[in-house]
Amino acid sequence: MDESKRKALENALKAIEKEFGKGAVMRLGEMPKQQVDVIPTGSLALDLALGIGGIPRGRIVEIYGPESGGKTTLALTIIAQAQRRGGVAAFVDAEHALDPLYAQRLGVQVEDLLVSQPDTGEQALEIVELLARSGAVDVIVVDSVAALVPRAEIEGEMGDQHVGLQARLMSQALRKLTAVLAKSNTAAIFINQVREKVGVTYGNPETTPGGRALKFYASVRLDVRKSGQPIKVGNEAVGVKVRVKVVKNKLAPPFREAELEIYFGRGLDPVADLVNVAVAAGVIEKAGSWFSYGELRLGQGKEKAAEALRERPELLEEIRTKVLERAGEVVLAAGEDEGE
């Protein structure tokens, strides 16, 4: 760069700094290198699929999928993980359907959870913004985008047309919210449903409510839906297998998948999840229905193997460490033992 251009640039930078404060513009090489701060999901398989060890703080995350697919269970499990690490969590219950007893069984400290049941979409999003601006909340869950009804629609007559109202509401709110979340390092999780476009013959007919803004502003989008047969003990169904696909990821390679097991009444089983990941990584060997770790036979069937590991937390941690070593580039957030 010649001298005249260099001086012009320096003058411009000084003027910007004077007007907007120190650090308003800086060279990328001068910025401190920061590791992505994350909140673990409660599933090692999903943490590895995300590539950063959990959901990113200071960003927007969308969890979407068909009904009863495990979306709210996953969001509540993330809240429980944040609380275990001393964080503060909020749940904006636009659907008015939060079950405190179920949340408690998932590990959520319900007495400390901030809950809001807003009357309108505007109120819900304003609450999210104010909580994020406080800088004191680690994760905010909104359940769900489809239930964020604009004030004009609530006050109008049944059958009135309100084309694009919700999409405009989301677009306006997310424009403001993105910068607020980044400054406060708060993770915002939006749970969303799926709808089918009418008249689509080719391609995927599914879409999500709320317009395109959430798809654009979300750093991570997770497609959560049931996969395969229910989990059975004997003839009794005790849970469901759920496939989570990382559809969008601005922080690591996307399109990775994780299969989770959600048990009725208790949610994710982190030890069974670790067994699945360890088998896939070759740390635990599976021969027929028997599971072995080195020379040690853990048991016949996954439930027996998981039970053996619960009784030996030091072995559980050893296996977890080996899985992470095999994973290589993934660094999980520091936290308590997954099996506790």
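Note that Cβ sites are derived from N, Cα and C of the backbone, with glycine treated the same way.
Noted in Swiss-Prot for the protein shown:
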type    : residues                                               : note
BINDING : GLY65, PRO66, GLU67, SER68, GLY69, GLY70, LYS71, THR72 : ATP binding site
Cβ neighbours of GLY65 (ATP binding site) where a neighbour is any other Cβ within 10 Å: 24
For the ATP site built from GLY65, PRO66, GLU67, SER68, GLY69, GLY70, LYS71, THR72, further residues of that chain with CB within 8 A of the site's CB center: VAL224, ARG225, LYS226
Among PRO66, GLY69 [binding-site residues], residue with fewest other Cβ within 10 Å: PRO66
Among SER68, THR72, which are binding-site residues, the residue with the most C-beta atoms within 10 angstroms of its C-beta: THR72
Collapsed DSSP category at LYS71 (ATP binding site): helix
GLY70 (ATP binding site) CB neighbourhood, other CB atoms within 10 A: 24
